[in-house]
Every structure is written in C-alpha cells, then in structure tokens.
Ligand code: 3NM
C-alpha cells in the first residue's frame, strides 16, 4: 500500500455542525494522507452516499480512502480498502471478497492479535487504544505505549497508533516507536482542523523518521 503517516477517521459527533466533506478536506489540506469513513449509526444507504462523496474527495487529492466495516460499500465506491475490527469478518474471508489489490487493515489490542493479523496477510494494523478515548464505545482499556514498543520491535507490516492521541501526548507515541498516527476527535473536533493537521505533519516529519 501507499505509504502514509497521518490517518484521520471521521467522527461526525465531533464535527460541530460542519459538513463531512468540508471537515475532511481541511484535514487533507493540513497533511492527512489516509482517510477512513467510520459511521456506526447511519443506514447502509447513508453510509454509501457519504462513501461516494469521500471517494470523490480523496481521488481529487490523491489520498487513500478506507471504509470501516462495510465491505459492500467499500467495493461499490471502489475504495482503496477496508478496516475491520476483531469481531468483523475474518481476514481470509474479507480478502476473498475484496481481492488481492485492496488494503485490509485490522484493529489490534494485544500482541497476539497483531501477530495473527500479520500471519493472515493484513496490510496494516491499528495499535490501540494507547490512551483513554471517548470516541469508541466498546473499546478495551488503554494498552499504553508499551504495546507500541512491543509491536515496533516485532511486527514487520505497517502499524498505526490510535486512541486518545492529542498534540500534547503525541511525543510519547512517537518516542515509543510509532511512525504513523491515527485520530478522530483531535482532528475532526478541532476549531482549526488544517492548522492542527499541519502541526502533526510537522511533528511526524521531524521526529517520526527512523
Ligand atoms: N479504534 P480518538 S481507538 C476508532 O483502539 C478507534 O482500535 C481504536 O478516537 C482502537 O482519536 C478509536 O478520538 C477511537 O481517541 C479513536
């Protein structure tokens, strides 16, 4: 998959009334290079409409586009890939449906899950929640930056740190070995989305190089 560093997930409860596309375009202009549509409440039809609009936006800016959960929606809009949780379709089945060329990302919360995702052919894994987060309801307790260290020393596929990451704690995440970070609220809930993303982009460029 195309290299990425700054990953933004939609979270319309944080958008403060702003339009989805406007929010994500600001994030892209600030340096976000991969976007995920995550919507646990809308109807399938609504998710599809949002996915179509985000596909168009991400094409325009040459940014990778991932859909959470809905494989059918991902295929319908020709998204670049899908992101799955531990309770979603098993990776092998998702791969059968998506084909070899699409990206499959998996959320992991323990090194055993990271190992399994790697063995089963995931293209990248999520590693989290590093800190406390209010953005995911059924989330496990924070795994802390120790989990980043474990993954960084052992797992060879790309990984992205997620969960409660903010401008004020991102240094700890990078110091633990993450070179890619993913956020919902700190990005899409920011008053100045582009400005916040520019700050993360700069931090990743200067401190994230290994
Ligand atoms: N997945 P915020 S944590 C969607 O640990 C999601 O797998 C997580 O939102 C995981 O940046 C999380 O606002 C929520 O904390 C991230």
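In case you wondered, yes, glycine gets a Cβ from its N, Cα and C as well.
Here is what TrEMBL says about this protein:
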- 6-187: domain 'Thiamine phosphate synthase/TenI' (DOMAIN)
- 36, 37, 38, 39, 40, 68, 107, 136: 4-amino-2-methyl-5-(diphosphooxymethyl)pyrimidine binding site (BINDING)
- 69, 88: Mg(2+) binding site (BINDING)
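Everything TrEMBL records as a feature, shown here on the structure.
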residue: 36; record: 4-amino-2-methyl-5-(diphosphooxymethyl)pyrimidine binding site; Cβ contacts under 8 Å, 6 or more apart: 7, 8, 9, 10, 65, 66, 67, 68, 83, 182
residue: 37; record: 4-amino-2-methyl-5-(diphosphooxymethyl)pyrimidine binding site; Cβ contacts under 8 Å, 6 or more apart: 10, 47, 50, 51, 54, 65, 66, 67, 68
residue: 38; record: 4-amino-2-methyl-5-(diphosphooxymethyl)pyrimidine binding site; Cβ contacts under 8 Å, 6 or more apart: 9, 10, 11, 68, 69, 83, 184
residue: 39; record: 4-amino-2-methyl-5-(diphosphooxymethyl)pyrimidine binding site; Cβ contacts under 8 Å, 6 or more apart: 10, 12, 46, 47, 50, 68
residue: 40; record: 4-amino-2-methyl-5-(diphosphooxymethyl)pyrimidine binding site; Cβ contacts under 8 Å, 6 or more apart: 69
residue: 88; record: Mg(2+) binding site; Cβ contacts under 8 Å, 6 or more apart: 69, 94
residue: 107; record: 4-amino-2-methyl-5-(diphosphooxymethyl)pyrimidine binding site; Cβ contacts under 8 Å, 6 or more apart: 83, 84, 85, 86, 125, 126, 128, 162
residue: 136; record: 4-amino-2-methyl-5-(diphosphooxymethyl)pyrimidine binding site; Cβ contacts under 8 Å, 6 or more apart: 129, 163
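Taking a Cβ distance under 6 Å to any atom of ligand 1 as the criterion, the binding-site residues 68, 107, 136 reduce to 107, 136. For the binding-site residues shown (68, 69), fewest C-beta neighbours within 10 angstroms: 69. According to DSSP, residue 68 (4-amino-2-methyl-5-(diphosphooxymethyl)pyrimidine binding site) sits within a strand segment. According to DSSP, residue 39 (4-amino-2-methyl-5-(diphosphooxymethyl)pyrimidine binding site) is assigned to coil rather than to any helix or strand. DSSP gives residue 107 (4-amino-2-methyl-5-(diphosphooxymethyl)pyrimidine binding site) a strand state. Largest CA to CA distance in the 4-amino-2-methyl-5-(diphosphooxymethyl)pyrimidine binding set (36, 37, 38, 39, 40, 68, 107, 136): 16 Å, whole number. Mean model confidence of the domain 'Thiamine phosphate synthase/TenI' (6-187) amounts to 97 (pLDDT, 0 to 100 scale). The Cβ centroid of 36, 37, 38, 39, 40, 68, 107, 136 marks the 4-amino-2-methyl-5-(diphosphooxymethyl)pyrimidine site; residues of that chain outside this set whose Cβ lies within 8 Å of it are 9, 10, 69, 83, given in sequence order.
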